[in-house]
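Pulled from TrEMBL, these are the features on record:
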- TYR178: active site, O-(5'-phospho-DNA)-tyrosine intermediate (ACT_SITE)
- TYR178: active site, nucleophile (ACT_SITE)
- GLU264, ASP316: Mg(2+) binding site (BINDING)
- 12-30: compositional bias 'Low complexity' (COMPBIAS)
- 149-210: domain 'Spo11/DNA topoisomerase VI subunit A N-terminal' (DOMAIN)
- 1-36: region 'Disordered' (REGION)
Amino acid sequence: MSDQKRRRKLDPSASSSASISKKPRASSSSNYAQDLRKQLKPDADILSSLRRLSAATSAAASSQKPVSISDLDLSSSCREVTDLDSFAVVHSIERLILSVARSILSGQGFSFDVPSRASSNQLYVPELDRIVLLDKSSSRPFANLSTVRKATITARVLSLIHAVLLRQIHVTKRDLFYTDVKLFGDQNQSDAVLDDVSCMLGCTRSSLHVVASEKGVVVGRLVFLDDGDRIDCTRMGIGGKAIPPNIDRVSGLESDALFVLLVEKDAAFMRLAEDRFYNRFPCIILTAKGQPDVATRLFLRRLKVELKLPVLALVDSDPYGLKILSVYMCGSKNMSYDSANLTCPDIKWLGVRPSDLDKYRVPEQCRLPMTEQDVKAGKDLLEEDFVKRNEGWVKELEMMIKTRQKAEIQALSSFGFQYLTEVYLPLKLQQRDWL
């Protein structure tokens with residue numbers, strides 16, 4: 001075979017759809033991976049393209065006025081919450097309890113009017129590209145056998161939050177649960193009522209001074225103040241800097257990054273941090289180590305809004321990787337009432353995509369068969385409105401379900417432990433074929 005024919009055979013852009021669908025052999029995959037390395041352009045060319053992307057994102061963010069629910073003529077009214085200071089939240093709790101006391105003294109007992117967070121009371125709004133909560137509520141009376149326990153938990157959580165705010169301190173959700181274990185029974189109960197209370201009072205959950213334990217981490221070209229202490233995220237080692245659970249203590253964000261790289265899992269994050277990927281391609285790298293917590297979502301949105309940077313995402317090629325990405329983009333159904341503060345709708349899906357498995361000839365032994373539960377999760381995603389409006393997502397999900405194959409980011413390590421940072425990601429940044 002001539003050199004010209006060999007190069008044409010190895011060039012992914014010249015491959016036919018028939019050849020791409022063939023199962024890669026381990027021997028040819030290694031050679032192909034080496035050939036892809038040769039297709040990389042000089043870093044200066046890739047950086048030039050990234051600078052144009054960063055400038056365009058910044059210009060668009062500066063010129064476009066954010067669209068809010070009030071700007072839209074929706075057929076149904078929606079409920080959203082805002083950040084409130086401690087005094088305002090304390091005042092709202094006291095007014096609520098006074099109304100409860102009046103109801104009891106009048107002989108009517110008491111009941112809480114709780115916004116419904118059921119799926120049937122949620123709406124995806126294309127103009128906002130996120131999920132919002134409609135304004136339907138349900139009654140939670142104390143004098144009812146089916147709701148008496150929930151009403152009691154609601155009153156107890158209100159009392160605890162009131163005490164926390166008066167002391168001007170922050171507590172974790174776990175702290176809250178352990179104040180009355182016998183009543184709450186399970187932390188899921190106190191966590192759920194905490195979200196109910198946030199909806200009732202019309203404030204964000206962070207306004208209640210109840211936070212989750214530290215989970216997310218960040219590393220790279222970012223400097224900020226954490227409660228007055230200067231943090232340089234280029235000096236945080238491979239573990240990164242833990243994202244503070246109470247984001248209100250973060251201020252003074254500074255960065256010379258060209259983009260934010262959002263990573264699904266801790267293993268990929270550590271590889272990127274150890275290889276100092278952010279020095280080769282100036283970026284901020286963060287992860288929530290799986291399902292995103294509120295603090296990481298708030299922190300990402302602040303990076304996006306205040307620094308006006310594009311966000312590129314690296315997740316596993318499976319339905320759950322896409323579910324995690326969708327939470328960052330358009331919000332979770334559990335916290336749809338606060339989607340305005342927690343979402344970044346225009347995140348670009350960098351990889352790993354189902355089409356990448358054959359495009360980059362990931363060996364068969366590094367791919368995993370999808371379970372029936374995986375397939376169902378993929379089909380459920382295809383029914384989501386935010387997926388239907390994105391042709392690229394639909395195409396990739398349909399391919400995943402058809403092949404019944406999934407793969408983790410670490411599957412790329414079959415070509416070498418540093419293949420992710422030295423070849424795959426630079427090629428992805430070079431190609432700009434993001435979804």
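Cβ atoms are placed via backbone N, Cα and C, with glycine included.
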How many neighbouring Cβ atoms, not counting its own, are there within 10 Å of the Cβ of ASP316 (Mg(2+) binding site)?
22
Non-local Cβ contacts of GLU264 (Mg(2+) binding site) (under 8 Å, 6 or more apart, same chain)?
THR287, GLY290, ALA313, LEU314, VAL315, ASP316, GLY321, ILE324, LEU325, ILE409
Across the domain 'Spo11/DNA topoisomerase VI subunit A N-terminal' (149-210), what does the mean pLDDT come to, as a whole number?
92
Please report the number of other Cβ atoms within 10 Å of the Cβ of TYR178 (active site, O-(5'-phospho-DNA)-tyrosine intermediate).
13
